[in-house]
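Database features, via TrEMBL:
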ACT_SITE  Tyr148  active site, proton donor
ACT_SITE  Lys219  active site, proton acceptor
BINDING   Arg201, Asn456, Asn500  (S)-malate binding site
BINDING   Glu291, Asp292, Asp315  divalent metal cation binding site
DOMAIN    125-306  domain 'Malic enzyme N-terminal'
DOMAIN    316-569  domain 'Malic enzyme NAD-binding'
Amino acid sequence: MFSRPSLCGTFGKLCRCGTSTTAAAAAGTTTSPAVSALALCEARRYHEVVGDIICPSQVRGIDHIRDPRLNKGLAFTLEERQVLGIHGLQPARFKTQEEQLQLCKIAVNRYTEPLNKYLYLSDLHDRNERLFFRFLSENIEDLMPIVYTPTVGLACQRFGLIYRRPHGLFVTFNDRGHIFDVMKNWPEPNVRAICVTDGERILGLGDLGACGMGIPVGKLALYTALAGIKPHQCLPIVVDVGTNNIDLLEDPLYVGLRQKRVVGREYDDFIDEFMEAVVKRYGQNTLIQFEDFGNHNAFRFLDKYRNNYCTFNDDIQGTAAVAVAGLYASKRITGKSFKDYTFLFAGAGEAAIGIADLVVKAMVAEGVPIEEAYHKIYMVDIDGLLTTTRKVGNLEGHKVNYAKDIEPMADLEQIVSAIKPNVLIGASACPGLFTPKILRTMADHNDRPVIFALSNPTSKAECTADEAYHNTDARVIFSSGSPFPPVKVGDKTYYPGQGNNAYIFPGVGLGVICTGTHHIPDDMFLIAAQELANFTESSDIERGSLYPPLENIRDVSMNIAIGVTKCAYDKGLASTYPEPQDKRKWLEDQLYNFNYECSMPVTWTWPRMPYIKTRELVPTKLYGKKKSEEIL
């Protein structure tokens, strides 16, 4: 009799097991049932649970402890432990999920360094999926700065040191011609949302190459925690084409391709193959969110793919929507409309251009002619004010729409004094760019100056909340891209709101996924901005925030998803029919369940079979020499 094989083995044993069985079959030899059972047990060492519909015949008892989707820790009941065959593998204590959540809070608060908190949460995710997402969703105000900006930036910088196990796919340039084969290796067959980066522009930290995986992992964790999108439907991907970061190339801990970035036609063909592989593997309506691509590629790919794939760029469109939502909310303070504002953008990258384009769309929606809308927006890049007359820099792509026919200026203080903007938006990743003099100038020209310092992480912000309030006599209408602590001026304490993309992209993603939307128009992001602004209460504005508290973000996501759903059906972009009448209930029915479910197999009774007398069984002889002997 064979003893049960060890649960912990090497992949080599698994391969040898499969190879030996195949070789025996090819040689025409017969494998004993005991050996076959051993081989099967060896092959079942790695969990095979995919999707959210579990096939009981494919799951062993031990899988309920090892698989993070099935594991409930000490929350398994006595009956579950006994029936599943895991009784004795855990201590005698029985806990509720609520008790586990309390322990998680104690555990994470024991750490003082944000990166250690990040590692604890990552480990929890690997052990107990439902507990992780419930803990995150119910403590989003405390934990979002850990799983997302600013801590995720540090995690990316230390990625080679802290890497534990795969949470997504790494598709390298060396895989060109075989990207679909790599995609097949991801075990989930029903992926609906992909977040992809090439790591060239991670937050404001620059080129981090393959270490940028932390960004799509964090983004998709928020898809689930904030919008209830099922985690198995989400796939983080890094397309690794190398890095131009010399420090990484020389770093012995770097985990990506150790080569300079591939550029030009080869790079474009590689991304084309990737997009085609996604559609071939998961379908035309798979949402592909581009994240942290270089400025020179972000707009190109958005323009190239937006009408052929279900895709958007969060750095361009998500950032734009959350910023415009803040501008909508600011109108309730200033009493002005967009046509009364003059805008100045410090930065002319994908975030700034995206915000400006959506501001133009918002002004057009208010009845402002598009030429006048462009005329009211000024933009500054590294070479100064965008003008048609300047001799340095360039006006490639979307920048040309905002170039003014005036004399060039390079100094931001001079530009602010000359233009006298009502709204100053920073998206430059240049810390301290908004000097005290610039802030005071804004206050001199406006009763309530609107100043957004949107660059991430906190160390890259154009100014701090404290600087903004104290240099404007607390008259500033302020928002930032990363969180800042409360600011006390006189007897009043202000709680500046964070213009976080997480208010936008989870709700947009939920609406797009559920409706099976073909393409994502900018109208959906304008709707998202309006829904977010509508959710901001007067009490939020009074305390200094243009956004609702993060604890309400799941409700915000649902409202945005409803607005996106309506837009998808109104514009004929949806592919899920019939159109639901009660869209809120229809969306809620498709959300992820953060609570534990019963691990017991479902059982039911049958009715008692009626008695029917059967005829006498007469044996039949199937083979015989004489026909007369066929029936005995």
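Glycine is treated like the rest: Cβ placed from N, Cα and C.
Automatic, uncurated: that is what TrEMBL annotation is.
All protein chains considered, the CB of Glu291 (divalent metal cation binding site) has 26 other CB atoms within 10 Å. Neighbours of the divalent metal cation site: apart from Glu291, Asp292, Asp315, residues of the same chain with C-beta atoms within 8 angstroms of the site's C-beta centroid are Thr197, Arg201, Ile202, Ile215, Phe290, Phe293, Ala298, Asn313, Asp314. Of all the recorded positions in the record (Lys219, Glu291, Asp292, Asp315), the one with the smallest CA separation from Arg201 ((S)-malate binding site) is Asp292.
Taking the C-alpha positions, the distance from Asp292 (divalent metal cation binding site) to Asn500 ((S)-malate binding site) comes to 15 Å. Sequence-distant neighbours of Asn500 ((S)-malate binding site) (same chain, 6+ residues apart, CB-CB distance under 8 A): Met144, Tyr148, Thr149, Val322, Gly481, Tyr547, Leu550. Distance between Cα atoms for Asp315 (divalent metal cation binding site) and Asn456 ((S)-malate binding site): 11 Å, as a whole number. Sequence-distant contacts (6 or more apart, same chain, Cβ under 8 Å) of Asn456 ((S)-malate binding site) comprise Thr149, Pro150, Gly153, Leu203, Gly204, Ala429, Gly481, Ser482. Cβ neighbour count for Asp292 (divalent metal cation binding site) (all protein chains, 10 Å cutoff from its Cβ): 26. In the structure as shown, the Cβ atom of Arg201 ((S)-malate binding site) sits within 10 Å of 24 other Cβ atoms. The Cβ of the residue listed as 'active site, proton acceptor' has Tyr148, Cys195, Pro236, Gln289, Glu291, Asp314, Phe505 as same-chain neighbours under 8 Å, each 6 or more residues away in sequence. A sphere of 10 angstroms centred on the C-beta of the residue listed as 'active site, proton donor' encloses 23 other C-beta atoms.
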